[in-house]
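Novice: I'd like to ask some things about the structure below.
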Amino acid sequence: MQIYQPHPWPLTVEEAITIQEELRHQVITEDQFTQPVQYVAGVDMGFEADGTISRAAVAVLSFPDLQVIETNLAYRPTSFPYIPGFLSFREIPAVLDALAKVQTKPDIILCDGQGIAHPRRLGIASHLGVLLNIPTIGVAKSLLIGKHEELADTKGSWQPLIHRGEIIGAVLRTRVGVKPVYVSSGHKISLPTAIDYVLRCTPKYRLPETTRVADKLASNR
């Protein structure tokens, strides 16, 4: 897969902030993709050798039946420290290496992390989407920023996630009696559509099947 918006990878937080502030203005939070969707992908990360080696996994699944079509792994030295709010700079270089091996181009990528639900509105899903010019969705297991009202226990229930008066995502129940996930637009997809695809990719478990397959690969399980 071709990188649409390449940039140098920063060595400092200050450089990373500059890149985030530049790229955030290129994020599109409206639906700009061809339907029907045929393939969805998940990306996830693992680390080896005390975090010095990054192991990125990508899984491409058919849609809507969610059968695994293709998986790939890529390894590279970790070049950026673990700092909340800047995880894309630590993870995306290896993710791009894994995606470069993909033969079946996905229509949408679901990322294990944030989209615009990020202090500078550029979490890993938005960052990756802008770089690849492809629709992406952030599906995070934990809250980074924002507040929301109490959520009903039924599957499919959701509440808007609000930060500084702006709706930046949704807290979404994907399974009855289980912790919710935090969904946000990554790139080229609206929040209602992102919620719809996340629900359609979570037929049995809390996390999307795309994430589950990629996580097993990245974790070497």
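Glycine is treated like the rest: Cβ placed from N, Cα and C.
Pulled from Swiss-Prot, these are the listed features:
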BINDING   ASP44, ASP112  Mg(2+) binding site
SITE      TYR82  site 'Interaction with target DNA'
Novice: Using a 10 Å radius around its CB, how many other CB atoms surround TYR82 (site 'Interaction with target DNA')?
Specialist: 11
Novice: Measure the Cβ-based neighbour count of ASP112 (Mg(2+) binding site), defined as the other Cβ atoms within 10 Å of its Cβ.
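Specialist: I get 25 for this one.
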Novice: Taking DSSP as the reference, which of helix, strand or coil describes ASP44 (Mg(2+) binding site)?
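Specialist: DSSP call for ASP44 (Mg(2+) binding site): strand.
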Novice: Give the distance between the Cα atoms of ASP112 (Mg(2+) binding site) and TYR82 (site 'Interaction with target DNA'), rounded to the nearest whole Å.
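Specialist: Roughly 15 Å, rounded to the nearest whole number.
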Novice: Same chain only, sequence gap of 6 or more: which residues have a CB within under 8 Å of the CB of ASP44 (Mg(2+) binding site)?
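Specialist: For ASP44 (Mg(2+) binding site), the qualifying residues are ALA56, ALA57, ASP112, THR211, ALA214, ASP215, LEU217, ALA218, SER219.
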Novice: In terms of DSSP three-state secondary structure, what is the assignment for TYR82 (site 'Interaction with target DNA')?
Specialist: coil
